[in-house]
Amino acid sequence: MEHQLTIYNTLDRKKELFVPLHAPHVGMYVCGPTVYGDAHLGHARPAITFDVLFRYLTRLGYKVRYVRNITDVGHLEHDADEGEDKIAKKARLEQLEPMEVVQYYLNRYHKAMEALNVLPPSIEPHASGHIIEQIELVKKILDAGYAYESQGSVYFDVAKYNKDYHYGKLSGRNLDDVLNTTRELDGQEEKHNPADFALWKRAQPEHIMRWPSPWGDGFPGWHAECTAMGRKYLGEHFDIHGGGMDLIFPHHECEIAQSVASQGDDMVHYWMHNNMITINGTKMGKSLGNFITLDEFFSGSHKLLTQAYSPMTIRFFILQAHYRSPVDFSNEALQAAEKGLSRLMEAVDSLEKITPAATSNVDVKSLRTKCFEAMNDDLNTPIVISHLFDGAKMINNIIAGNNTISADDLKDLKEVFHTFCFDILGLKEEIGSSDGREAAYGKVVDMLLEQRVKAKANKDWATSDLIRNELTALGFEIKDTKDGFEWKLNK
């Protein structure tokens, strides 16, 4: 491949050269949402992070099979295998079938992802559609001796596994630390050890979501689905497993244990994790009740928001930080992102207004190289954006007459902005920006301003001023140029 991509491997705690197991094919699995409520900003971050990785790997010429699961069963209220299934609880409270809840919120999740310009994955498997595969996984772990049946449930034997392997190698924990921080909970007596986790849970009589198994009616533990579905669609060994850093422990740690216990080694080569979205330094999440949904951002309807923010503003806001750095929500930060995005999109639009010269005194090749170098450095999107802002300055200087650019360089500059702004970062021009009026009024405004140019040429200053004043009153900003005019609709 032309470019040498390095990515930070959480397992080894360092950046490593990305070398696919079966180039040019790449297998990538990312933990998707548990669909029992509307998607919030915390859901947008992993979706956008791994969308950029998907886009970039594709741009580098790899054939990527991107699997992002949907958790629609087995995710209990608490990680210690106690409490009610989150979706079943929502269904009970709303007096709906669990799959009605799943379908409703999944439709809304897809709509939000489409608004954010997140590409759909290659495969989007549901946990409830892979019960057979999860039962087979549990059988293999039982046969290997790393699990036990207890009162109709099956638990992973962490202590026994830890004698042969290292439980905690991903999160950097040892078993004593895990035991010291694991609470003894009521109803946990069937476990040998508080740190043991459920592979299969016995369904209580009132439990709606249940399937027959060799151990009786029940449902799979949360961790089983990703191991089973990753193996089914990507094989026993694949390249990348991603998710939020809050999944490192226990979810991804348990996935590694399940994989090793069932096949003798870890399925995953590179473990990647994005950092969290915070509000006043605290993780944003449904379980904490401090989240703002994406629809609330788009409409400005949450009490913490001073205005509405477009989907591309949200995307740009997230990409302005490196994916492994925390992002703290504030209206000020979002407004700054909105202005930055506007500057970038104006630069893209201005490219069409440039008349090439015979010679060039700008270095487009260097700009392109710097952008690729930043992406190859563990997807350093904030550095890419800073280079694109340098490109925007270049464009403004050319338009102002301070620099010149040849036709070939102009073509290359357009390609750089299109490749990085749209193809890789996944930004797009929003027809809905400024309430959609700019796109709707474009031809009319151009026609009026052309009449104004004619009026000025005829020294009809009254008509010229009337057109300008009326458009200004409607929110249009008019700028006279040597080639005629420019305009934009202010927010």
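Just so you know, the numbers here start at 1 and follow the chain as drawn.
Positions of Cβ are set from backbone N, Cα and C atoms, glycine also.
Keep in mind that what you see is a predicted model, and the values were worked out from it rather than measured.
Summarising the annotation, Swiss-Prot assigns Zn(2+) binding site to C31, C226, H251, E255 and lists sequence analysis as the type of evidence. Neighbour list (E255 (Zn(2+) binding site), Cβ cut-off 8 Å, at least 6 residues apart, same chain): H223, C226, T227, G230, H241.
Sequence annotations record features per position, and here Swiss-Prot assigns ATP binding site to K286 based on sequence analysis.
According to Swiss-Prot, the feature motif ''HIGH' region' maps to 33-43. Note on the motif ''HIGH' region' (33-43): DSSP counts are 3 helix, 2 strand, 6 coil.
According to Swiss-Prot, the motif ''KMSKS' region' annotation covers 283-287.
Across the motif ''HIGH' region' (33-43), the prediction's mean pLDDT works out to 93.
Listed in chain order, the residues near the Zn(2+) site other than C31, C226, H251, E255 are H223, E225, T227, H241, G243, L247, H252, C254, each with its Cβ within 8 Å of the site Cβ centroid. Of all the binding-site residues listed here (C31, C226), the one with the fewest other CB atoms within 10 A of its own CB is C31. In the three-state DSSP classification, C226 (Zn(2+) binding site) falls within a helix. A simple way to gauge crowding: the CB of H251 (Zn(2+) binding site) has 18 other CB atoms within 10 angstroms, across all the protein chains here.
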